[in-house]
Amino acid sequence: MAYNLSAPPSSSLFSETSLFFTSLSPPKLPLLRTPKNLIFPPKLHRPNLSFHISAELSLQEPLLNQKAVSPSNPFVWVNPRNPQASKLMHKSHNSTRYASLPQLAETLNSCAPLDDAVSGVLGVLGDKIEEKVAVVILNNMSNSETAPLVLDYFLKRLKVIREVVLYNVTLKVFRKCKDLGKAEGLFNLMLERGVKPDNVTFSTIISCARMSSLPEKAVEWFEKMSSFGCEPDKVTCSVMIDVYGRVGNVAVALSMYDRARSEKWHLDPVTFSTLIRIYRSEGNYDGCLNLYEEMKALGVKANAAVYNALLDAMGKAKRPWQAKTIYRQMVKNGVEPTWGTYAALIRAYGRARYGIDAIAVYKEMKEKGLEMSVLLYNTLLSACADVGFTDEAAEIFEDMKSLGTCKPDSWTYASLITINSCSGKVEEAEATLKEMLEAGFQANIFILTSMIQCYGKAGRIDDVVRTFDQMFESGIVPDARFSGSLLNVMTQAPKEELGKLKACIEKAHLKLGYIVNLVIDEEETDGEIFRKEVGELLQSIGTDVKKAYCNCLIDLCVSLNQLERACELLDLGLTLEIYTDIMSRTPTQWSLHLKSLSLGAALTALHVWVKDLSKALENGEEFPELLGINTGHGKHKFSERGLAGTFEAHLKELDAPFHEAPDQIGWFLTTQAAAISWLQSRQSAAC
């Protein structure tokens, strides 16, 4: 092997781009400090080499051209990975001999890791062994147990010009085996024997650490280079962008990437997948897409790891439409989807409530024989719960149990109970709860909240009270969501049953119980006092439940025909910015937006809006050409009629001239003339 190049040693690493192609998935690591003495190398000015550098070359191996084969130099080693290897070997005086060396390496790979066994195999080479023969054999080995013995065999019998080359090709064997421990041991042995490591030594160990999913060790070896007089070249620095990103040192990773772009380093897909994950963790989802476009512009072909990172980012960003586009590009570009691809799609579609798409991905996974994890099953069932796919959820659950590859956990059962609860399927919910208890899981507050909602939807108030008492007796402390579910049940219960539920609410949440008493008992409380008490309650609870509480209290007032209090609560919700942008005005259209409201709150908002329109008419304000009411995209996920259907019926009762727009789902529109005529007729009727 012609390893004694005239070019600097660092140039040999430039040909080894295949060192760093492996995709890793290491565990999360703590943020490593950036060493103060970490100085990136200056721009490298390489001499014009007389040979072509190939990305497929092995360590310190130039590509020989035909001119190198001459009668004066008949013993020229040919790199077997060279595209012209067959032609060059044919012209080589020792072509037959060198062609047999890879086979000899295979024999060493399978022999016992004993000195005698290794000597027995290598004895066929005789006493006069050329150094290039030793390099070829070690370079083709893949057994980390026998490789050190082979190295020692050659070192004892050869007069080596550059010992470091033999050590480097042996390090390659350890890298193939992902055996960082042996690689580090050989490095220490090199130092003991007075062999000075070079750039290739460090790059091989760094790539071994990277392939072994130990990026923190790769950083450690990278930062050792300067103490041995070695400066990393562009290839090594490119690799370290990925490594620093994986250990959490984002600042260094991004800084190196900026330099890579300015100096036009070669970057591999693995590095881009890491950068996309960095941007995703920072919430820079547009940055993820920009990286993808930059990668394409640089001519780097995206692999599955890049596409999967992009799909994860779009899922986290709740951009399922972009996830669809990326997946289509992946398939179009001939990249085979992996398990991670489908998992990312299910998560993306599940988060965005794209139930049909999520189930389609699940079916495709089944067709390809890919196994689902419990987490993916739970994500899929959660998506079914969000969109009301009761039958589909039941089928998926049965598939999960029949396959036997993963068992349902408490979240699996909780999702099924939620689905049956929201659908009002009491018997199915109870059967699932029983199965869960028999499987050894305990009912937590989330599951009990679902059961209470289920019983409330079915009008089984006594079962609501029984479940509440059981929860209280078991020592589970009610939280804000649980208390909100009791309040929601109260909005659906007949008036004669409200006393039972009021007693439960008083135990669960004293302040809420006090306000419910004010509403149910219809006490003549001053409006300002009532507003103050409710305001204190709403400000004391989490943002995630404020709107639910406010909606339920308004619904309760509406069901008890307390419209004035309902209006006070709506106004309070607007003041506290629990409700925003309910009413809007533009020069061409005045609108009422109801899609975030419960039915009672929506009816209350309509009542207030109509009063405002009447005042505007009295004050002589000029009405726009259109007036509209937006109830959202049709039906509620678990309702037969939904807000749009229920609201349409209410508008007919009011004889309001609003009609559903055929080209705008969830919108009810009317013209200026029709609205004014209707408002005037209402004013006349009131007189």
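Indices start at 1 and increase along the chain as displayed.
Backbone N, Cα and C define each Cβ position, glycine as well.
Taken from TrEMBL, the feature domain 'Smr' covers 592-675. Across the domain 'Smr' (592-675), DSSP classifies residues as 36 helix, 14 strand, 34 coil.
Through the fold, the repeat 'PPR' (163-197) approaches residues 1, 3, 19, 58-60, 131, 134-135, 138-139, 141-144, 147-148, 150-151, 154-155, 204-205, 207-209, 211-212, 214, 217, 228, 230 of its own chain, all at least 6 residues removed from its boundaries and within a Cβ separation under 8 Å. Among the features that TrEMBL reports, repeat 'PPR' is placed at 163-197 (among others).
Taken from TrEMBL, the feature repeat 'PPR' applies to 198-232 (among others).
Mean pLDDT, taken over the repeat 'PPR' (233-267), works out to 81 on the 0 to 100 scale. The annotation repeat 'PPR' is assigned in TrEMBL to 233-267 (among others).
Annotated repeat 'PPR' per TrEMBL: 268-302 (among others), in sequence order. Tertiary proximity for the repeat 'PPR' (268-302) is limited to same-chain residues at least six positions away from its ends with a CB under 8 Å from its CB atoms, namely 17, 20-24, 238-239, 241-242, 245-246, 250, 253-254, 257, 261, 308-310, 312-314, 316-317, 319, 322, 326, 330, 333, 335.
Sequence-distant neighbours of the repeat 'PPR' (303-337) (same chain, 6+ residues past either end, Cβ-Cβ under 8 Å): 23, 269-270, 272-274, 276-277, 279-280, 285, 288-289, 292, 295, 344-345, 347-349, 351-352, 354, 357. TrEMBL lists 303-337 (among others) with the feature repeat 'PPR'.
Residues annotated as repeat 'PPR' in TrEMBL: 338-372 (among others).
Sequence-distant neighbours of the repeat 'PPR' (373-407) (same chain, 6+ residues past either end, Cβ-Cβ under 8 Å): 343, 346-347, 349-350, 353-355, 358-359, 362, 366, 415-416, 418-420, 422-423, 425, 428, 439, 637-638. Per TrEMBL, repeat 'PPR' is recorded for 373-407 (among others).
The repeat 'PPR' feature in TrEMBL is assigned to 409-443 (among others). Helix, strand and coil residue tallies for the repeat 'PPR' (409-443), in that order: 26 helix, 0 strand, 9 coil [DSSP].
Below 8 angstroms of C-beta separation, residues 410, 413-414, 417-418, 420-422, 424-426, 429, 433, 436, 485-486, 488-489, 492-494, 497, 500-501, 503-504, 507-509 of the same chain, each at least six residues beyond the ends of the repeat 'PPR' (444-478), sit close to that stretch. Residues annotated as repeat 'PPR' in TrEMBL: 444-478 (among others).
According to DSSP, the secondary structure content of the repeat 'PPR' (303-337) in residues is 26 helix, 0 strand, 9 coil.
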